[in-house]
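Copied over from TrEMBL:
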- 3-52: domain 'Fibronectin type-III' (DOMAIN)
- 68-167: domain 'Interferon/interleukin receptor' (DOMAIN)
- 175-198: transmembrane segment (TRANSMEM)
- 267-313: region 'Disordered' (REGION)
- 275-284: compositional bias 'Basic and acidic residues' (COMPBIAS)
- 289-301: compositional bias 'Polar residues' (COMPBIAS)
Amino acid sequence: MAKYKMKMKKDWSLVCDRTTHTRCDFTGSNLTYIGTYMLRVRASADGVNSHWVCIEFCPDKNALLGPPPRVELAPAGNQLNVTISDPLTSTQGSMKKHVISLYYRILYWSLSDDPQGLKPKVVDSSNNLVMLPEQEAWTWYCVIIQSRYDYYNKTSGYTEPQCMQTEGDTPYGQIFLYFLVSMVVCFLLVLLPSYAFFRFYRVLKNTFYPSIQLPAHIQEYLCDSSPGSDMPRLLTADSEAELCCDKLTICPEVVLLEIHLPPPLTAPPSELEQDSGRHIRQDSGDSGIHSTEGGSAQQGCSGREPIRTDQEVDSWQTLAQVKMEEMGRDVIMKVQYF
């Protein structure tokens, strides 16, 4: 059983009765923070009571002090701003309403110089917004805070460490790095989709409108037999055997051979004809027999080497050209079959 009363009063108020716990909560008793109270407690068992044990209790002197419930850090150039919330009472009120001289002790250190925080810098302030001095730009700092009340030498525990980097003037190297990053992002967001769209367009164009067409003698087997139709013709089970090919080889175009014939034989010049005629007339004037023999000799000569006329030469050239065209067609047909 536990009871309490104001120090200068006589009436006791009951708080805990017939409880098996070794502690009693006076939070709901609405004790005044700066008042002085008398508390007493005794134990009871099987109707037997112990003596009362009395103590004097002053919340301002004996109550514990809690740390700040919330701490926020914000960079301000090459320094840090620390925002501190006041410790709370049991009714969620600010402790500064009861403890006017409450202040905060701030410990901070640089992670680069003192990673373990063995030699922190100390700042004491009663303000809720504190700017930490002696800091360097672009440096990480960690902060812990404690509530303090020097009248009764009361201190709270420290808050959890919070770390943040200070700011400063942006170096030129960092500006150049930002420029490169922006260029890469622009390339990824603009050029790559454009290139992908171009490649997709090329694939569609080459699929539906190919630049290389099949030869005509192959298209006639793939397309419908009706005139002017470009629809593909499907092969059925009863299709002709010639349509089933194990291997198809496309050969380049065969170049036909050209044969250049020598120029046709022409008649001797007119002067030679006049001289030969003059000799014949002279021989015939001398003797008729000689003329006859000469004629026979001339005929014998012409029998051994006959002279071709222009019509005979042209007909011979035409016949040779026809034979060469037939040979060329035979070569093309053999290449296509292979």
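Cβ atoms are placed via backbone N, Cα and C, with glycine included.
Source: prediction; values computed, not measured.
Long-range contacts of the transmembrane segment (175-198) within its own chain (CB-CB distance under 8 A, at least 6 residues past either end) are absent; none are counted. Break the domain 'Fibronectin type-III' (3-52) down by DSSP state and the numbers are 3 helix, 17 strand, 30 coil.
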